[in-house]
Structure formats: structure tokens, C-alpha cells
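S.K.: Let me give you the structure first, and then I'll get to my questions.
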């Protein structure tokens, strides 16, 4: 077994373990950190395939940006995660059994000699001056231009959907509208009533009474 | 490739639709709440424009563009015309409903048109990557539309369930696609078909991937045993969005199925035929039997959808031109029926009242005999009673199965449609033979009244004269699936 194969199995084992802990960890912050670990090991797998650009962008985008934001949200919100997952451990034995059976079946099929995985030749190593970024860029903007444009439409849709779902006036919000406050004029707030300094006579008070 | 050789003509409707959505997004910002109705008119105008572009881009033979990632053929052309029509009907039917429920916002229209764009992309995809991106575009828009009514707990729950199960289905689909890529070395549907037919593909890997593809596809169709999300989402979502989920996406899902199994994996027919047969039998049985005990009419229609998808698969799994075209005809008729049924439910709902129970339809004939008649047409058509369109659709798929030598399956389908008739007739009984429990006036906008009436009468007309549409489906399938 070559060195890269050993590294591959170690990274895969860590990846699976981390992914499993993401769904079983009791503390949401721990779950998020395990997700970071699984992204990190996945980028290690890409590195083994000599796809450095994808590996680095996975770390930069997912670990650096998405997960930090996610951790931030998890820490800000006061969610009782145990209450949310009351049914989790009840259903776990059945779901776990099914998952193990499925994984076993898949392993039997793919591991059998008939699957012919051994007939696939090993990947030839890339030359030293091979640029991942250039190859990806060329493919994305020529051959896969249509798919790239569509992916940008998906991103636009995500923006529209996120704004539609989150932007609304909350009834219980006590936030103040700063621009309204700045633009306020004295006449909107204070009503100045001119009245005589002399003691009020009885006829005037009668007039102020609501009419029956 | 350079710009001079890039043929944009086949993708004209999609380009127009995308530009129109972008323009609508900007116009939405300039409008205040009172003038939001402008977007309604502009959305309908966009759909009319798309149909006109589709007419210009019509091609009798398949034309590929965008480096063979996009294909325009009669199958996609016919289905897209129906997609525009169905989406327009959905917008017209739901206008009053969404206005009554604080959902009449610009996003309602842009998300709907985004969903339509996703369906268009799916229908015209000739590459696994574009198939998948189209599907995600459609699904993301639908998740957001379900959750658009933030204050409704059932709607949020339905959106969450749909999202989680939809993500799982996408995962299965992608895993299957990656296996097919491993076996054939390509994601291009035509190339995959060629490699499989030449016998150079790794058969074990191909069938392994096929299992996941079929599972993912059945998830999206809502066929048993991948149907769990259908009743909850149909019931939980606002009726307007249920109408949207239950109509046009089914047409797109049919083409999705045809592109992957009918075009890409055509040579593996003997493998997927058996899988789909099990799914079809289970869907028809479970859908029809469970629908009997439902009191919520949205949930009942959800189980009825599951059984209709079973019938569609009965035609599809024959794998020949007759079966595929009958399945296409079934998909179109199913969409028209569910439009009519949900349309009447929307007409009966008003601000502060949701028409969701079978009991809410009691004595509808006394309150308004025309809507009762339209619902009667939809229910009889779904039950497959002649001379309505649903009868001919069922007849066509069952005949295709029998002609392909699958007589037991055909007999089973007939039996199941008999059982199904029970719960459709229960709705008719409630409308015509029970006394009305309320007498609130049924106020419906004139445009909706007109389109809903045409929709109901189309079920009658297509049942009496099905030949044109059947011939159209046959030509579309034969011209597009050249291997048949």
C-alpha cells in the first residue's frame, strides 16, 4: 500500500467520524466545529487528487466564511437543541440499522471482483507546470458556460429567497427608525396651546366638558 | 467556440424569461404596495412573451446548443408551451388568495418565474449537470414559496420537510450520476446512451448508479416508497402554493424521467423496467387506499397524486413510443385536472377561511351550481369516468401496458382505478347530496372565473376529442427520442 493510499484512508476515516459527530453531538457549537473538521479533511482528499484550487477554495469559502458565520449564528441564538431532537435517539436504532445494512450492501457490490474497479488504471500524476486554476477557468467559461451562467441564476434566486423570507416588519420589534427620528420636527412632538394666564372662569370650564 | 458559432436561437424563450425576471425584480423595487398589481399583469405578459418566443424557436428536429448542454426538440417544445399556460393559470387562480393572505409581494411573482425557468432548463437539458441545476433552481424557488407565509406554522413545517427530503433526494440523484459518470466517462446524455449501447460501460457500476437515479427520480415524482413528503407538503403549504407544486413541476418531472431513463439509460430498459414496476404498483395501491380515509381534501388530493404518478409510470415503464407518449398525455391531463380541482378550492377560500375539508364542499351545488359542476368534472376525470379526459388518459397507459405484454400490471391498474373512484365520488356526494352548512357568497374575479371554466370544459373537450393531443404527444416523443 502506497503512502497516498494510507493518507487517503486516514483522511476518509476522520471525515466519516466527523460527519457522524455532526449529527450526534449534543452541543450545537461542537456540531459546527465537527462540520469544520469534515470540510477540512475533505479538502485534504482533494489535495491528494492534485486539485489544489478546489481544496483551497473549500477551506476558504466553507471553513473561512460559511462556517464562521454559522458558528456566530449558533452562538447568538438560544436554541434548546435537546428539545428539538427529542425523537432522534428513539428513531436512531432503526435508522442506524438500515444505514448499516445499506452501507454493507453497497460495500459488497463495489468490493466484489465483478464491479471491476481494479480494471480502472491508476491516475497518471500531473506535470509540475499544470495549473488547476487555468484549466478550471477555461472549462467554466467555454465548455460549461451555460452551466456556469445557470449557477449564477441559482445564486441570484438564493438572494431573492433569503430576502423574501427574512425581511419583514416584526410586531414585537422595539427598534427605532433612525432617519425618522432625525427628521422629526418640534411641531410633530409638542403641541403648544395658547391660554390665558388668568384664572379660568366657570363658563369656560363648562365648554370644555364633553357634550352629553 | 466563439460568439459567432454560438446559436442562441433554441434558447430564446429561456433568455427572454431570465431577462424578464431581472426586469421584474427592479420594477418591484419602484412600486408601492397599492400598485403591486402591475407585477401581476407584467408576469402574465412575460408568460405570453415566452410562448411567442417558443413559437419562434420551434424546431421539428432536436437542435443542440451551448456545447451540447441544451437541447430544443419537439418534446421540450410541447411541454414548455404547457408550462407557460399552466403557470399563467396558477397566477390567475391564486391572485385573490395570495392578496388575502399578505403574500401578494413582488417575490411571489419573481420566485414563481424562477421556478418556471428551472423547469424550462430541466426540460431542455441534455447533460446531467444542467438537469441537476434546473432541478435545484425549481426546488429552491418552491421551498421559498412554501415558507413565504412566515406566520403560518404548518407552512414553515412543510417547507422544512420538503427542504430536508428534497436535499436527500438530490444527494441520491448526484450519487447515481457520479456512478454513471464513473462507468461511462461522460455526463452528456447522448454519449452515455452511446457508451451503454456499445457495451463498453461497466455494467455493475451502471446498474448500481441506476438504483440511486431511480430512487432520486421517484422522490421527485412522489412515488411510493419515496412519497412521505407529498401529503405533509400538500396539506401544510398554502393552497396557492400546493397548486403550484402539484401542477407544472409534474410535467417537468416527466421530462426529467424521460431524459435520464428514456434517453440516457435506454439500453438498460430491462433493469429499470422492473424497478419502476414495483414503484408503480405500490404507488397505485397505497395512494388509492390511503386516500379513502382522508377528511382533508388537500391531503386526499396528495394521495391521489401519488396514485396518478403510479399510473404515469405504468405507461412510461413499457419503454416504447406508445407507452412514453401515453405517459406524456397522462402527465398533461393530470396537470389540467389538478389545476381545476385546486382552482375550485381556491375559489371557495376567502380571507380568514381555508377550504380544506371535504365537509367544506357540502351543498356546493345549492350555493353555486357552476363551481360544483366544474369540481364534478375534475373529480370524474380523476376517477377515470368516460367521457372525460382522465378516462382516456388511464385507458391509454393501460392499453400501452397490455400491448407490451404486461397484462397483470394492466389488470391491477384497472382494479386500482375502481378503488380510487370511491373517494372522488365521495366529494361529488358531498357537493350534490348534502345540505350546505354555510351560505357565504362565493366571490371570484372575472379572469379566474373565465380561465377556471375553460379549464373544466377542456377536461370534457379533451375527453371527447383526445386524438389531436394524443397525436401531438406521439409525434413529440418519436421526434425527440430518436432511438424509439
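Cβ atoms here come from the backbone N, Cα and C positions, even for glycine.
Annotations in TrEMBL come from automatic prediction, not curation.
Sharing the record's features from TrEMBL:
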type     : residues  : note
TRANSMEM : B:12-31   : transmembrane segment
TRANSMEM : B:77-94   : transmembrane segment
DOMAIN   : B:125-419 : domain 'NADH:quinone oxidoreductase/Mrp antiporter transmembrane'
TRANSMEM : B:129-148 : transmembrane segment
TRANSMEM : B:160-184 : transmembrane segment
TRANSMEM : B:204-229 : transmembrane segment
TRANSMEM : B:241-262 : transmembrane segment
TRANSMEM : B:274-293 : transmembrane segment
TRANSMEM : B:300-321 : transmembrane segment
TRANSMEM : B:327-349 : transmembrane segment
TRANSMEM : B:370-393 : transmembrane segment
TRANSMEM : B:405-425 : transmembrane segment
TRANSMEM : B:457-477 : transmembrane segment
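Where in this structure would I find these features, and how exposed are they?
M.R.: Away from its own ends, the transmembrane segment (B:12-31) comes close to residues 38-39, 42-43, 46, 49-50, 53-54, 56-57, 80, 106-107, 109-110, 113-114, 116-117, 120-121, 124 of its chain (Cβ-Cβ under 8 Å, at least six residues beyond either end).
Counting only same-chain residues 6+ beyond the ends of the transmembrane segment (B:160-184), those with a CB under 8 A from a CB of the stretch are 128, 132, 135-136, 139, 142-143, 146, 191-192, 195-196, 200-203, 205-206, 208-217, 219-220, 226, 228-229, 232-233, 236, 264-265.
Distant neighbours of the transmembrane segment (B:204-229): 135, 161-162, 165-166, 168-170, 172-180, 182-184, 196, 250, 253, 256-257, 260-261, 265, 268, 271-272, 275-276, 279-280, 282-283, 285-287, 305-306, 309-310, 312-313; these residues of the same chain sit at least 6 beyond its ends, with a Cβ under 8 Å from one of its Cβ atoms.
If one looks beyond the transmembrane segment (B:241-262) by at least 6 residues along the same chain, the residues whose Cβ comes under 8 Å of a Cβ in the stretch are 75-76, 79, 82-83, 86-87, 89-90, 93-94, 112, 115-116, 118-119, 122-123, 125-126, 128, 131, 134-135, 138, 142, 145-146, 148, 155, 189, 213-214, 217, 220-221, 233-235, 272, 276, 298, 301-302, 305, 309, 312, 316, 319, 324, 327-328, 331-332, 334-335, 338-339, 342-343, 346, 477, 481.
Remote same-chain partners of the transmembrane segment (B:405-425), defined as residues 6 or more beyond its termini with a Cβ less than 8 Å from a stretch Cβ, comprise 277, 280-281, 284-285, 287-289, 291-292, 294, 300, 304, 307, 310-311, 314, 318, 379-380, 382-385, 394, 397-399.
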S.K.: Considering only the recorded stretches B:129-148, B:274-293, B:300-321, B:327-349, B:457-477, state which has the highest number of Cβ pairs under 8 Å to the transmembrane segment (B:77-94).
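M.R.: So the stretch in question is B:327-349.
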S.K.: Which sequence positions outside the transmembrane segment (B:129-148), separated from its termini by at least 6 residues, show Cβ-Cβ distances below 8 Å to it?
M.R.: 69-70, 103, 105, 107-108, 111-112, 114-115, 117-123, 155-156, 158-159, 162-163, 166, 170, 173-174, 177, 187, 220, 233, 236-238, 241, 244-245, 249, 252, 256, 259-260
